[in-house]
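Feature annotations, courtesy of Swiss-Prot:
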BINDING   Cys114, His156, His160  Fe cation binding site
ACT_SITE  Glu157  active site
Amino acid sequence: MPKISGGKILPIYITGHAVLHAPAKPVTDFSGIQEIVRDMFATMFAAPGVGLAGPQIGLGLRIFVYSYTEGDTLHQGVAINPDLLIPKGVPKRQTHKQQANNSTSCDEPDREGCLSFPGYQFPLERAPQVTLSAFDENKKPFTVHATGWLARIFQHEFDHLQGTLYVDRLAQKYSGEVRQAVLNNKWGIPGKYWVPQEPKE
């Protein structure tokens, strides 16, 4: 996609805000989507992060942006009304209880963070490969076959559109740390947010 420029830096909502914990609705009106995409990229770059979903900026729509550099390759784009497929034979992402009771994994657990649970990272098992099918900001369909960290990013952002944060998927042994983080930061209630700073030139 072309170089991203412009856009407003928006508040990023923190766990407890209702839109983060409810399934997002499909995008049906593409007339103002270009501005939304610019604002989402500006906010993600300022954070900084590698992905940002609509619910994180208080927008309950099925849209996310991503930007991740792997070696000399830049993976960057917007996914609107996405579907995520884990290939047959690849273990599916596990639920909270399944991860607590199942020692088998689909890859080594890398640590994840989230702009809606800022300042913390926890290990989480993810499928090592996925296929993302979605529409871009011009309503053009596309498909991406992703592995490794790009696959992890897609799963993380897709979860946001389902009303799920990555901390909801952690193994049971981390639940105490998650609860304590929420208490310490007075999260878990509607309206909590933070605003990324404008990147310095």
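Glycine residues also receive a Cβ, built from the backbone N, Cα and C atoms like all the rest.
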Extra residues within 8 Å (Cβ to Cβ centroid of Cys114, His156, His160), Fe cation: Gly51, Ala53, Gln56, Glu112, Leu115, Ser116, Glu157, Asp159, Leu165, Tyr166
In the chain carrying His160 (Fe cation binding site), residues 6 or more apart in sequence that have Cβ under 8 angstroms from it: Leu20, Ala24, Ala53, Gly54, Pro55, Gln56, Phe64, Ser116
The residue listed as 'active site' to Cys114 (Fe cation binding site) - Cα separation in whole Å: 10
Cβ neighbour count (within 10 Å, all chains shown) around Cys114 (Fe cation binding site): 24
Three-class DSSP secondary structure - His156 (Fe cation binding site): helix
Neighbourhood of His156 (Fe cation binding site) by C-beta distance under 8 A, where only residues 6 or more apart in the same chain count: Gly51, Glu112, Cys114, Arg126, Tyr166
Number of Cβ atoms other than its own within 10 Å, given for Glu157 (active site): 24
